[in-house]
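Following: one structure in structure tokens, then a few remarks.
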């Protein structure tokens, strides 16, 4: 039986997801690309030369710039759109996508202004429906080149999570299920902010000791944030948290790390964003996180310094000193505080 999947978003991640799904030949995949010329080029050359050069698309992948054609008779929709543009894209299908069609998000961000996670934006625009999250250490460039990877599928609808697990699985792409949708989404978003910090560390030439400290203490901040809103702290030590954090902070593919590296090397954020191909989700997410932390009195020193470098004109050097000059703390006490704040699960 043929399964029809539509991917909204023709960037690296959307294209790589299409390639994974198309490996199962009973799955027919459509990709919606906003730019018509780009859609025609990908459809004719069978290659997304802008975002994934050298990766050929299977014959069971169809590309279109007409969103209504893309979603026609689809069984599932996969969202691979930058978080800050998700709402306006979903508005295009709010009256034409049946409530029975589940949505799968591979987006990692928090919307500015509303502070909503991708799954919340989906419900806000499309109404109640089954939503799943696919997240974890998953650079599109790697699994598009058929390199091994392992991620998690999360949904309040366990049956949908298991279906996502089956649809995306290949001999090189392994998927675990995780019931903590809130934690999985926040982990994927917050690690991008920490990756910017680690990139700054690299750009300043601070070495591996400092970078390891940023990653470890950054993970504590991710847990603190997630647990405050009801997430499971163990989610942040798994693939969606620690796994994705490591990949994003060390990989040459990571756009968020690249932003940080260029900041640490002396470039301005405006010049960096103007010259980038693709979106570094951590930039916008840092703004949302800083505002949420202020509103709820959350102590997130690393993420706060990233925000101040990005939006307040603070130099990376001054941000570093602000972190190093903080009063001494007890690591054991902080761990105990996270455990104490954890809701009964």
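The count begins at 1 with the first shown residue.
Backbone N, Cα and C define each Cβ position, glycine as well.
According to TrEMBL, the protein carries these features:
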ACT_SITE  191  active site, proton acceptor
BINDING   9, 10, 11, 12, 13, 14, 85, 140, 255  NAD(+) binding site
BINDING   34, 108, 140, 255, 279, 281  NADPH binding site
BINDING   108, 255, 256  substrate binding site
BINDING   108, 136, 138, 191, 244, 255, 256  sn-glycerol 3-phosphate binding site
DOMAIN    5-160  domain 'Glycerol-3-phosphate dehydrogenase NAD-dependent N-terminal'
DOMAIN    180-319  domain 'Glycerol-3-phosphate dehydrogenase NAD-dependent C-terminal'
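Around residue 11 (NAD(+) binding site), the C-beta neighbours below 8 angstroms that are at least 6 residues distant in the chain are 51, 80, 140, 278, 279. Taking the binding-site residues 13, 140, 279 in turn and counting surrounding C-beta atoms within 10 angstroms, the largest count is reached at 13. Taken together, the residues of the domain 'Glycerol-3-phosphate dehydrogenase NAD-dependent C-terminal' (180-319) have an average pLDDT of 97. When the CA atoms are compared, no binding-site residues among the candidates 9, 85, 244 lie within 10 A of residue 108 (NADPH binding site). Nearest Cα neighbour of residue 255 (NAD(+) binding site) among the listed binding-site residues (136, 138, 244, 281): 281. Spread of the substrate binding residues is 13 Å (greatest Cα-Cα distance among 108, 255, 256).
It is 255, among the binding-site residues 108, 255, whose Cβ has the fewest other Cβ atoms within 10 Å in the structure shown. Per-class residue totals from DSSP over the domain 'Glycerol-3-phosphate dehydrogenase NAD-dependent C-terminal' (180-319), listed helix then strand then coil: 110 helix, 0 strand, 30 coil.
When the alpha carbons of residue 138 (sn-glycerol 3-phosphate binding site) and residue 13 (NAD(+) binding site) are compared, the span between them is 9 angstrom.
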